[in-house]
Ligand code: 6R9
């Protein structure tokens, strides 16, 4: 796309209405909801607050002016573990709260009563170790049921959990513990990934040595092979067994008290610590789990994200459990032992709602439809995506091959910082437009603005800004204490800048184009990498593509396209097709200087394509930090495929 006007690469998607069978049963199907929320703002958010049980009712929904501080549900007191467990016991103590599928085909499930008991015993154990309200407890665990149990045990005590993705290194763990000032660590001996045992405790031991204070460590013997415990170490099972049958009074928390801390990596530099609140966050997550993901208490919901990321916090743990549904937790990977693993599990557990990322969908496409075809996926009622823009081809593939052709899809836009979904269609209300996420949800005010801060015309590229506070906003934004640059107005009034490039159409649907800084400048013309990528992945035979700018003497930058082809495709033919497609969609000036084929693209552990690395490779530059890479083995492969020798 060019910097000076309309978007030539995106043919407007045809709107698709949600099927009437879906609309009829949807949790939210009132088409007047946008207007009524707008009229009643901020009191409309009472509807979210109402989904929770409060120990002390809030005095008002929102208190605040045009600038921070903002207070959501002031005066309200609640406990998150009560909302996710205790209050469901009278009606569904024997319903499954969570189902766990291990990497080695092990299976375990917890009813609400069982999870309640585990959480209480663990909370009693942690209290014994000295954990109090406000303390930060770091959880360094893979996808095991004890991870959500530990999160809820912390919440019960009013302690703040700090989940660190299990795949992170000892240094990354130590860094996050230092930053969060955390004196407690819960980890495990090890776990399996693609059949290999990972020594988690070794990493935890090293981190503990690196941290500048005494740390109490609880170790879960997940592999069941026995663990050596030194001084300051405690066995998870011993701790829980010692307190079996005990209940811990839930510590009431003010709505604005922190529920958890999570670190997110900016595109550059330091990890950014984001702290979410107990009341506003939980209300926003529960409300979007209901209105967008349409989760009902009788549903089995599967969000395939790792709990180490915000998506797992909000839509594996807190959203589904706050609503009293069954949540699926799956360890390991989608292609191990076989490429039909996910579909087998959907079939086995009769999953109603499935939520995953475009990067996963593109992998499924690459593997082929034969894998989902082996299983009965007819239990699915709704599909969701999150994490990256989804191109139209992947969208249609998802709907056709996973959704049986008629499941609605919600393309949900949000961030670690926003806590919960802000932009998406409401599946029981709005038509879907493949490729566009949708409108800001009812009660959310956001617009796409240009460099001056004024709204851009429909179809023009700009940046999304959120112009009103939202309940799931993090503490720093609510208090106005941090990230000053984001809260500062470029025009009038308070705004939050997520730094995502976007366009908006005549119906108010927002199409995200990637991070605002992802642009290549060729001879003074700006091209969005996402725009070019969406053209290239539209070419039959292309599974995935990433576009970066390489330095070029004459034109400033040259466009390099890294392309992962589908199995068995002839590369020379595909290269021509890619060039032709870009020429047709954008013009000769945007035709990639180089099309480099690669078996896979470098991805971060949360599944986002690491363009920075490809840029370094394209430029023959020294590679920056690659510790966040999920597939480091691809680096050598990429370096060996120079554009001149493709
Ligand atoms: C939830 C999560 C946030 C960034 C965000 C944006 C991208 C997320 C998207 C999307 C297009 C969507 N993103 N959802 N882009 N369409 N539906 O992913 O949080 O890890 O903090 O990443 O992800 O660029 O700014 P986080």
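Including glycine, each Cβ sits where the backbone N, Cα and C put it.
Heads up, TrEMBL stuff is auto-annotated, nobody curated it.
Features of the protein shown, as given by TrEMBL:
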type   : residues : note
DOMAIN : 34-84    : domain 'Acetyl-coenzyme A synthetase N-terminal'
DOMAIN : 87-470   : domain 'AMP-dependent synthetase/ligase'
DOMAIN : 531-608  : domain 'AMP-binding enzyme C-terminal'
REGION : 1-20     : region 'Disordered'
REGION : 625-646  : region 'Disordered'
Based on DSSP, tally up the residues of the domain 'Acetyl-coenzyme A synthetase N-terminal' (34-84) by helix, strand and coil. 19 helix, 7 strand, 25 coil
Note the mean pLDDT of the domain 'AMP-binding enzyme C-terminal' (531-608), expressed as a whole number. 86
Just to be sure I understand, if DSSP states are collapsed into helix, strand and coil, how many residues of the domain 'AMP-binding enzyme C-terminal' (531-608) fall in each? 25 helix, 27 strand, 26 coil
